Structures are given as structure tokens and as C-alpha cells.
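Feature annotation from Swiss-Prot assigns ATP binding site to 6, 7, 8, 9, 10, 11, 12, 13, 134. The substrate binding site annotation in Swiss-Prot covers 109, 110, 111, 112, 186 and rests on sequence analysis. Per Swiss-Prot, active site, proton acceptor is recorded for 111. Among the features that Swiss-Prot reports, K(+) binding site is placed at 131, with the record citing sequence analysis.
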């Protein structure tokens, strides 16, 4: 059983995966709030409480964090509470197997890397990956499995909350699909702007990528896959997205874990 920890700015996903390679599957998943000042002990109490008896069945652990301080605590937690369980955390120096063809590879978030890795492994062709989180990341991986870069926009909830915080006449609303793109009250108007507006934003970015990037035209075979906790809200309004995989990041973490563990055992040549 593999423990996978995906720490983002707002929420943390904890998952358990059974099997390996093409037979791997996510058997449990939990979403908890990310606390930037959480300690290793607090993390251990929370995760041990979630996974229960499966704690004794762990054969490996892996994780990433877009919050550097939390990644440090995850490392301490694994070393102190599961010292016999091998672990691989996504950080500089870790083999991912995906070349980063960007100006500064160290700036690329670990979440973006593992998402593209998982998409390429799943579809075996060029892909555009849309991750709906605190930010919306639209990332591009070539037919050769190279990370080409992408675009980052504010997330749906973040933008909606910011609009409410900066205007006395607006308030925080529940993100839900309104009856129409033409809202009849303030809540519906904000929902329409969030749902239909961001669907248009993503469709526009995907269309621009397919126009501007060689090998991604309408005539090319390209997978467009979405992931992230707000993706289901927008999927019915998206025209460009063909696939949805809620476990894409967890599988990307698994792939990096497997690659590094096998490399350590000498069964793989070091990845680029």
C-alpha cells in the first residue's frame, strides 16, 4: 500500500494506492485543510487517524507540497512515525523522468510536473493538462513526454472570494451552476461569472495553445485532461476538455516513487 500526500495552498489530499504500474488504483482518498504552520506530530495524528489499520500495511510513501514549510514537516513525520517505510518526496534532485523545457526548471511546481507525467503515461501522446485548484494551471506536455510550460490563472474560488472581499456590495457565495448565464440576482450573477467565465477562460487558453504550439493543432492527436477539486463544477460547460481524472496527481506521485525506488535498486538507468 502506497501513501500519497498532495499538499496544496488550500487543501491537502491524502490517498492510499494499491498495486503498481498499470495495475495501481486509488483505494481511499481524503481532503483536509492545509495549515501552513502544521507540525509533523499534528500531521502524523491526522494521517494515522485517516488511514487506520492500513498504517501497518504501508510499503512506501510519497508526497509533494506547494507550501515549502509543510514539505519539511511531511519529511520529519515520515522519518519519525514510519521510519521503516521508504519514501520519495518531490523536490529538487528527485528523478521525475520528464524533461523540463523551460527557462528555470526549479520554478516549476511539483504538482504541475507530476500531473503532466501522469497524463503522458496514461495517454502516451501530447497532452494539455488543466488543474483546477487554488490556481488554474494549464500545462503542456509534448508527444515526446517533455514539459513545455503552460499558463497559470487565479482559481475559481479565489477569484470569487477576492471579488467579494474587494466590494462592499458583493458577498461570498457558494460555487454552483446558476440557472442561466444571465443572473437574476447578485448571487446568480457571481455564480455565472465564476462558472461560465472560467469555462470560457480555459477553453480560450486551450484553443490558443492548439493554435500557437507546433504539434498541438486541431489535426494533431492531443489529449486534454482535467483534474482538481473544482473541475466537476465546470466540466459540463467546457468544450475543450475530453477527459477527467480526479486521481491524476496521486498517480503522478506514484510514478515518481516507482521510478526512484527502481533506480535505487539498480533496475533503471537514471532518468533525465
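Each residue, glycine too, has its Cβ placed from N, Cα and C.
Feature map: Swiss-Prot annotations on the structure.
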residue	record	Cβ neighbours (10 Å)
6	ATP binding site	26
8	ATP binding site	23
10	ATP binding site	16
12	ATP binding site	24
109	substrate binding site	18
110	substrate binding site	24
112	substrate binding site	24
131	K(+) binding site	28
134	ATP binding site	20
186	substrate binding site	12
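Taking the Cα atom of each, residue 131 (K(+) binding site) and residue 112 (substrate binding site) are about 8 angstrom apart. Of all Cα pairs drawn from 6, 7, 8, 9, 10, 11, 12, 13, 134, which the record names as binding ATP, the longest spans 13 Å. Checking the binding-site residues (111, 112, 186) against residue 8 (ATP binding site) with a 10 Å Cα-Cα cut-off leaves 111. In the three-state DSSP assignment, the secondary structure recorded for residue 8 (ATP binding site) is coil. For residue 111 (substrate binding site), the same-chain residues lying six or more positions away in sequence with a CB closer than 8 A to its CB are 6, 8, 64, 66, 131, 133, 137, 249. Rounded to a whole number, the C-alpha distance linking residue 112 (substrate binding site) with residue 10 (ATP binding site) is 16 angstrom. The distance from the Cα of residue 110 (substrate binding site) to the Cα of residue 134 (ATP binding site) comes to 15 Å. Taking every pair among 109, 110, 111, 112, 186, the residues listed as contacting substrate, the largest Cα to Cα separation comes to 38 Å. Annotation note: residue 110 (substrate binding site) sits in a helical segment as assigned by DSSP.
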